[in-house]
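Asks: I have a structure I would like to understand better, so I am pasting it below and will then ask my questions one at a time.
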């Protein structure tokens, strides 16, 4: 099974591109399910699914054609279903503090619950093996990053905290429970967490396997969107998830300027050209697909088919377009070292230019942009060297 995740800032066109990718694959005979994890669902809108049919689905898959299903996950319903006792305990805890019942119900959905619940579907569909391709339309970038980090966080909690917390509560419940009216988690709460974790087991290996999972970053040729895409790229690399393509959406076609002779559009086109060039430079060697701004909104199968053709041409959308990790950050002898893939680079002078949040590396004709995590932004590049097919930068 192939799993393709689409991530990006809100409004860049993730949902439409997810829908177009899924539809194209279904036309190629692949069994596909496209799942929207974005709370502001618009996946069914892309396929022009009637409102009544969406309501009937109640968060379950909707069949589009023989090979394609779509699903808009109802997070509230899923959390109540899968978290069970955990959700009810947190709701009770908030209610005990004096919060209104409705507000307590809303606040009982803690940060991370939505992402972990969504991961259940990744594991479920992968294990069942009823589809050739699973496409995930992720929430905006921040939540996407949390989504890929959650398996690691959950594993750490279960290994380091869970058993101790369970034991403490078992000992404390009989005595502390008589001294306070604040509810304490009972054994059912811990059993629910344990069962939940069992359902999630193995999903982290699925997400970091480049032969199975790819993330495609959807961006627009604008400064703020580009910056967010760069940060997302860095974090996906740090979590070991393969980014196999960047899709630059809503690029103004040059022929429109020639036909309309509009100075307003021409100015925007020149701005976009600048950022497209930056995107190609920054994300290299990850392939960048440029998608023109269309003259009408992309709704319905015919327009989705047209969009997919503009993105992928004759390439199958489930192809792994790139698998090499461009760079990684590790510790060596107490220092942080940035390893950059640079096949064919010879041992010659290395130029390093450090900006506020990145390092630009030049060696001959080779150029790479390395986004720095917060921990490294106050450090300076001490030295650099070429070792086999890598450039090593030592930070201090």
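Placement of Cβ uses the backbone N, Cα and C atoms for every residue, glycine included.
Sharing the features that Swiss-Prot gives for it:
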type    : residues                     : note
BINDING : 8, 9, 10, 11, 12, 13, 14, 15 : ATP binding site
Asks: Around the ATP site formed by 8, 9, 10, 11, 12, 13, 14, 15, which additional residues qualify by having Cβ within 8 Å of the site's Cβ center?
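Replies: Near the ATP site, beyond 8, 9, 10, 11, 12, 13, 14, 15, sit 140, 218, 249.
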Asks: Find, for the listed binding-site residues 9, 14, the residue with the lowest Cβ contact count at a 10 Å cut-off, counting only other Cβ atoms.
Replies: 9
Asks: Out of 8, 13, which has the highest number of nearby Cβ atoms, where nearby means within 10 Å of its Cβ, if these are the binding-site residues?
Replies: 8
Asks: CB neighbours of residue 15 (ATP binding site) within 10 A?
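Replies: A 10 Å sphere around the Cβ of residue 15 (ATP binding site) contains 24 other Cβ atoms.
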Asks: Let's check the environment of residue 12 (ATP binding site): how many other CB atoms sit within 10 Å of its CB?
Replies: 25
Asks: Among all the protein chains here, how many other CB atoms are within 10 A of the CB of residue 10 (ATP binding site)?
Replies: 14
Asks: Measuring CB to CB from residue 11 (ATP binding site), give everything in the same chain under 8 Å that is also at least six residues away in sequence.
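Replies: None - residue 11 (ATP binding site) has no non-local Cβ neighbours under 8 Å at 6 or more residues apart.
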Asks: According to DSSP, which of helix, strand or coil covers residue 15 (ATP binding site)?
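Replies: For residue 15 (ATP binding site) - judged by DSSP and reduced to three states - the answer is helix.
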